[in-house]
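What follows is one structure encoded as structure tokens, with my remarks underneath.
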Amino acid sequence: MFQAAGAAQATPSHEAKGSSGSSTVQRSKSFSLRAQVKETCAACQKTVYPMERLVADKLIFHNSCFCCKHCHTKLSLGSYAAMHGEFYCRPHFQQLFKSKGNYDEGFGRKQHKELWAHKEVDSGTKTA
């Protein structure tokens with residue numbers, strides 16, 4: 001019956017016939033009702049809401065859950081060090097790993113140089 005003018009024409013509209021046979025114009029709402037993805041904290045596995053969300057090394061945390069693995073001190077984005085998915089305050093990171101000079105040894109893993117030594121021994125025995 002009537003037509004929208006100007007920028008309103010870009011808005012999608014649907015025609016519906018009333019019981020009297022006359023057509024009416026209904027505009028869809030400009031916002032969508034998309035389902036929001038629930039993000040979970042990497043430390044406590046509970047839902048993280050936008051106001052308490054913190055992202056470090058592509059992992060999502062609550063502000064209160066982002067703490068040192070060794071002393072449980074609350075960390076900030078400028079005061080942490082990460083190793084193999086674990087987060088530490090800088091003093092404990094240095095205490096636990098830097099003094100040894102080998103990060104893998106601090107985690108109980110084989111040293112990188114040992115992995116190379118095994119490959120050389122294996123390749124030497126196969127050629128003989």
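Glycine is treated like the rest: Cβ placed from N, Cα and C.
Residues annotated as region 'Disordered' in Swiss-Prot: 1-25.
Per Swiss-Prot, the feature N-acetylmethionine maps to MET1; the stated evidence is similarity to another entry.
Here Swiss-Prot flags CYS41, CYS44, HIS62, CYS65 as Zn(2+) 1 binding site, drawing on similarity to another entry. Less than 8 angstroms from the CB of CYS44 (Zn(2+) 1 binding site) sit HIS62, CYS65, each of them six or more residues away in the same chain. According to DSSP, CYS44 (Zn(2+) 1 binding site) is assigned to coil rather than to any helix or strand.
Marked as Zn(2+) 2 binding site by Swiss-Prot on the basis of similarity to another entry: CYS68, CYS71, CYS89, HIS92. HIS92 (Zn(2+) 2 binding site) counts 15 other C-beta atoms within 10 Å of its own C-beta, drawing on all protein chains shown.
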Seminar exercise, completed: Counting every protein chain shown, other Cβ atoms within 10 Å of the Cβ of HIS62 (Zn(2+) 1 binding site) number 18
Problem set entry | Cβ neighbours within the same chain of CYS68 (Zn(2+) 2 binding site) - under 8 Å, at least six residues apart | LEU75, TYR80, PHE87, TYR88, CYS89, HIS92
Exercise. Does DSSP give HIS92 (Zn(2+) 2 binding site) helix, strand or coil?
Worked result: helix
